[in-house]
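Participant: Below you will find the structure I want to go over with you.
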């Protein structure tokens, strides 16, 4: 009876252990070994195309509204500095994205990187969050285009009747046909091919940039004529103090969200090792410069307290006798929204395609058109969903959930950089169909290893019998302390990896405790201070240990080598994790409740479908050193 109970306990423990391992199983970096017939996208994009996608996605209509609200309530004339600080904070994530994009240039962006470096369950939640972000983001952008089009045409009365918003009396729902039609048009363009859609994106983005350049040049000319009155104030450059400027930086940080759309098109890039980091860098640099120049001009034209929070740029020009400039500003807002809409809908079908390839979603989403070489089925599905949302729902209340998806992605990408540098995956999954080749190669390499050990043992015997070598202090097994040191040196890499993994986990715990204490204003001051102190101590100690550890040598052969490398590791990814975690904690309880409901739904979908159908369910994990031998053996057998 006791033996039976013990056996059942061991079986249960074995099942739990197997279930946990399946949650953290990691996939292989897509490489030349991975062949997917009928699942390849067309590589047609250049660094310029990627920059157009990134700039178009990043610079939305927010810049036409955000500058007024932030300047009036938080920064004053220091708005430019806030944009600069936010741009530098966004650059931390951009550096991390650039390395992972060049090492793992496949569709899926942050989902793909998380699956490789952290594990399947976390990757699923990131992909599920990004799916929500792209859907709500696209619908919200589309709902914002129709009012700007109506404003450009002189009011809603000038719009065709079938495009005008109207309310369904029985439901009290305001429907927006114009938004839904715009989403469907963009969906059609995306189905036409990546080169065709990127060409349209480039044209629309160019028009948007030209509108911003007009604002900068014409506004600068007017400001020079009026003497830059916005800066001649008694409150000085920082009327709200340093805290106000930093609060403004936290708000305008979200205007940089969008550069990660570049990595969504990684699999369609001609030269990913060069073009992906270049596209990310050019996107962020250009956006930061444009934001700063626009803010310099607008805050200089009109005193910050006189800016209209809804139409700051148009009102600034009108105050200086240029009412006609409002048409150019409105046209810029429309083109900015259209470019952002395309950028939001572009990565979503590629994300679904990547998840379907891995078996976490039905294979329907992984189909690629043989004519246009794009995932047409995924594109149509996501486009229809976004169009329905844009038609029926006012998603402004859900816009905070967009920020959660992006910030979660930024955070796990930075964590992935730390894992890649200090504890990269030692084993890779291979399909069970290669089992015979795996066994053959493993046996051959083990035999070779034993032969080598016997040879080394014989060499040691020779060394022991040679007095001339012993006189020179050569190592021999008659010195047990030296033998012990050799044994410890062989174990050092694994011990160093374990220390690194634990300290990465402790660092994340410290960040969570510190940021939670900093944002929990409802707690007593003493409790917040105590929690913050504990979190800061854990954070700093773990970071110091990571800084003192040597990075793993296996990082050099991980993924595609020769691309961009993130500098200042571990400090740069650590700063990125800390900033993004603080912003996540500051989003509010209501947003987190809605996000939690969505993540719970995602967990249920994963448990009921993705976990059971994952392509790694029956995978065989082998050491990285065996990989080339196994593929050579399988290739020679096929020949």
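Cβ from N, Cα, C; glycine included.
Feature table excerpt (TrEMBL):
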DOMAIN    564-614  domain 'Cationic amino acid transporter C-terminal'
TRANSMEM  45-67  transmembrane segment
TRANSMEM  79-98  transmembrane segment
TRANSMEM  168-191  transmembrane segment
TRANSMEM  203-223  transmembrane segment
TRANSMEM  235-259  transmembrane segment
TRANSMEM  280-304  transmembrane segment
TRANSMEM  324-346  transmembrane segment
TRANSMEM  398-420  transmembrane segment
TRANSMEM  500-520  transmembrane segment
TRANSMEM  526-549  transmembrane segment
TRANSMEM  561-585  transmembrane segment
TRANSMEM  591-609  transmembrane segment
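So that I understand the layout, could you describe where these features sit and how close they are to other parts?
Facilitator: Nonlocal intrachain contacts for the transmembrane segment (45-67), taken as residues 6+ away from its ends with a CB within less than 8 angstroms of a stretch CB, comprise 79, 141, 144, 148, 194-195, 198, 201-202, 204-206, 208-209, 212, 251-252, 254-259, 261-262, 265, 268-270, 274-276, 278-280, 282-284, 286-287, 290-291, 294-295, 298-299, 307, 309-313, 329, 332-333, 336-337, 339-340, 342-344, 346.
Beyond the transmembrane segment (79-98), the same-chain residues lying 6 or more positions past its ends with a Cβ under 8 Å from any Cβ of the stretch are 67, 70-71, 245-246, 248-253, 255-257, 259-260, 262-263, 276-277, 280-281, 284, 287-288, 291-292, 295-296, 299, 304, 410, 413-414, 416-417, 564, 566-567, 572-573, 575-576, 579-580.
Long-range neighbours of the transmembrane segment (168-191) within the same chain, counting only residues 6 or more positions beyond its ends whose Cβ lies under 8 Å from a Cβ of the stretch, are 138-139, 142-143, 145-146, 149, 159, 162, 197, 200, 338, 341-342, 345-346, 349, 369, 372, 374, 376, 379-380, 382-384, 386-388, 390-394.
If you look at the transmembrane segment (280-304), the same-chain residues 6 or more away from its ends with a CB under 8 A from one of its CBs are 47, 50-51, 54-55, 58-59, 63, 67-68, 71-72, 75-77, 79-80, 83-84, 87, 90-91, 94, 97-98, 101, 209, 212, 215-216, 219-220, 222-223, 226, 228-231, 233, 239, 252, 255-256, 259, 262-263, 312-313, 315-317, 319-320.
For the transmembrane segment (324-346), the residues of the chain that approach it from at least six positions outside its boundaries are 53-61, 63-64, 134, 137-138, 141-142, 144-145, 148-149, 151-152, 182-183, 186-187, 189-190, 197, 200-201, 204-205, 207-208, 210-212, 214-215, 218, 258, 261, 264-265, 311, 313-314, 317-318, 379, 382-383, 386, judged by C-beta separation under 8 angstroms.
A Cβ distance under 8 Å defines the sequence-distant neighbours of the transmembrane segment (398-420), meaning residues of its chain 6+ beyond its ends; these are 92-93, 96-97, 99-100, 103, 109-110, 113-114, 116-118, 122, 125-126, 129-130, 132-133, 136-137, 140, 254, 257, 260, 501, 504, 507-508, 546, 555, 558, 566, 569-570, 573-574, 576-577, 580-581, 583-584, 587-588, 590-592, 594-595, 598.
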Participant: Averaged over the domain 'Cationic amino acid transporter C-terminal' (564-614), what pLDDT does the prediction give?
Facilitator: 92
Participant: Write out how many residues of the domain 'Cationic amino acid transporter C-terminal' (564-614) are helix, how many strand and how many coil, based on DSSP.
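Facilitator: Once the DSSP states are binned, the domain 'Cationic amino acid transporter C-terminal' (564-614) shows 40 helix, 0 strand, 11 coil.
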Participant: Against which stretches of its own chain does the transmembrane segment (500-520) lie, if we need a Cβ under 8 Å and a gap of at least six residues from its ends?
Facilitator: 415, 418-419, 422-423, 527-529, 531-532, 534-543, 545-546, 549, 552, 574, 577-578, 581-582, 584-586
Participant: Report, as numbers and ranges, every residue of the chain located at least six residues beyond the transmembrane segment (591-609) whose Cβ falls under 8 Å of a Cβ in that stretch; write 'none' if there are none.
Facilitator: 121, 124-125, 128-129, 132, 360-362, 398, 400-401, 403-404
Participant: Excluding the flanking five residues on each side, which residues at least 6 beyond the ends of the transmembrane segment (526-549) place their CB within less than 8 Å of a CB in that stretch?
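Facilitator: Residues 418, 422, 496, 499-500, 503-504, 506-507, 509-518, 520, 570-571, 574, 578 contact the transmembrane segment (526-549) from elsewhere in the chain.
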